[in-house]
Amino acid sequence: MAKRDYYEVLGVSKTAEEREIKKAYKRLAMKYHPDRNQGDKEAEAKFKEIKAAYEVLTDAQKRAAYDQYGHAAFEQGGMGGGFNGGADFSDIFGDVFGDIFGGGRGRQRAARGADLRYNMDLTLEEAVRGVTKEIRIPTLEECDVCHGSGAKAGTQPQTCPTCHGSGQVQMRQGFFAVQQTCPHCQGRGTLIKDPCHKCHGHGRVEKSKTLSVKIPAGVDTGDRIRLAGEGEAGEHGAPAGDLYVQVQVKQHPIFEREGNNLYCEVPINFAMAALGGEIEVPTLDGRVKLKVPSETQTGKLFRMRGKGVKSVRGGSQGDLLCRVVVETPVGLSEKQKQLLKDLQESFGGPTGEKNSPRSKSFFDGVKKFFDDLTR
């Protein structure tokens, strides 16, 4: 069967720059990669065709030969035109295809251990003051029998006889030698003849471990604490991953936190709001007295400096802001109701101008609104 033109395969012109070729290759490789089209023979054939076109058109020597001789340049025996191969393709997939599907160059390194995440719930008090907590996590630990090698005690992994430890083998394609991952050792460069009886050659075993985690004062929801090397053990002696402790602060019954400031609502009765006085308000360090001036309205904020949260990164401490809520009295006796009626009369009715300036302003605005509508 005649082979399609490589430029046509990638959908680029014969004058396309390498950047355009790589872009086209990435797009098509994503579409036809076998991992995305399992069992689809047509997609697999298409992918091989795309790969072959890319290998030729991104190599200056190969591309020149292809432009001159076409596919004949790569058939066994070739055109005999002073062209004697040796191009190294070990970085083709590292530079382009590896970015998409995780391929690598040369011998594969043993994989670093996976990072782990632990969600930790804290009370507001614990988050503000700091705390040390013990946690228990399931993980993969280095095998204590083979010490991560995967080989039976007293033995060592052997150098792969196929690739001689390089993790790569060369295959001839016409004039050219193409490097591929060794199919015998899967790119590791070593083989385990006698696997460890405990980890069965993996170098890691499942375990649970207990850690003591120091939470610094001032942390908040969303903060992460990194414990280096406390993640899963790496493969065959590779470095371990890290453990990330994700902080979540529970809702507090009294305080709300915004940054390093704390907020709380303080209810007072309308007599205290009108006449003023002194009340006790809570802080994280205990109760403190707060002076309420006369004629205090709902929503007024009182700032208590330095009664908030100290920044986890050092520096100044936040404040406590107390928001006053003036409560309407309930469960009134007949006598209290009469007293309130007398008080209302003394105000000059519900919209008393002198004693309720905001009410007068509001009702004056309402009256003007309706007057304007009827004009």
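Placement of Cβ uses the backbone N, Cα and C atoms for every residue, glycine included.
Since this is a predicted model, take the numbers as computed values, not measurements.
What Swiss-Prot records for this protein:
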DOMAIN    5-70  domain 'J'
ZN_FING   130-208  zinc finger
REPEAT    143-150  repeat 'CXXCXGXG motif'
BINDING   CYS143, CYS146, CYS196, CYS199  Zn(2+) 1 binding site
REPEAT    160-167  repeat 'CXXCXGXG motif'
BINDING   CYS160, CYS163, CYS182, CYS185  Zn(2+) 2 binding site
REPEAT    182-189  repeat 'CXXCXGXG motif'
REPEAT    196-203  repeat 'CXXCXGXG motif'
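Using the rule of three or more Cβ pairs under 8 Å, pairs at least 6 apart in sequence, the repeat 'CXXCXGXG motif' (160-167) is in contact with the repeat 'CXXCXGXG motif' (182-189). Cβ atoms within 8 Å of the centroid of the Cβ atoms of CYS160, CYS163, CYS182, CYS185 (the Zn(2+) 2 site) belong to the same-chain residues PRO161, THR162, HIS164, GLY165, SER166, GLY167, GLN168, VAL169, PRO183, HIS184, GLN186, GLY187, ARG188, GLY189, THR190, LEU191, site residues excluded. Tertiary neighbourhood of the repeat 'CXXCXGXG motif' (143-150): same-chain residues 156-157, 192, 195-199, 201-205, 233-234, 236-237, selected by CB-CB distance under 8 Å and a gap of 6+ residues from either end. Each residue contributes its Cα atom, and for CYS143 (Zn(2+) 1 binding site) and CYS185 (Zn(2+) 2 binding site) these two points are 21 Å apart. The Zn(2+) 1 site, placed at the center of the C-beta atoms of CYS143, CYS146, CYS196, CYS199, has further neighbours from the same chain whose C-beta lies within 8 angstroms: ASP144, VAL145, HIS147, GLY148, SER149, GLY150, ALA151, PRO195, HIS197, LYS198, HIS200, GLY201, HIS202, GLY203, ARG204, VAL205. Taking only the Cα positions, the spacing between CYS185 (Zn(2+) 2 binding site) and CYS196 (Zn(2+) 1 binding site) is 17 angstrom.
Among the binding-site residues CYS146, CYS185, the residue whose Cβ has the fewest other Cβ atoms within 10 Å is CYS185. Around the Cβ of CYS196 (Zn(2+) 1 binding site), 22 further Cβ atoms fall within 10 Å across all displayed protein chains. For CYS199 (Zn(2+) 1 binding site), the nearest of the binding-site residues CYS160, CYS163, CYS182 in terms of C-alpha separation is CYS160. Counting residues of the domain 'J' (5-70) by DSSP class, helix then strand then coil, yields 51 helix, 0 strand, 15 coil. The 10 Å shell around the Cβ of CYS143 (Zn(2+) 1 binding site) contains 23 further Cβ atoms across the protein chains shown. Following the DSSP three-state reduction, the secondary structure of CYS185 (Zn(2+) 2 binding site) is coil.
Sequence-distant neighbours of CYS182 (Zn(2+) 2 binding site) (same chain, six or more apart, CB under 8 Å from its CB) are CYS160, THR162, CYS163, SER166, GLY167, GLN168, VAL169, GLY189, listed in sequence order.
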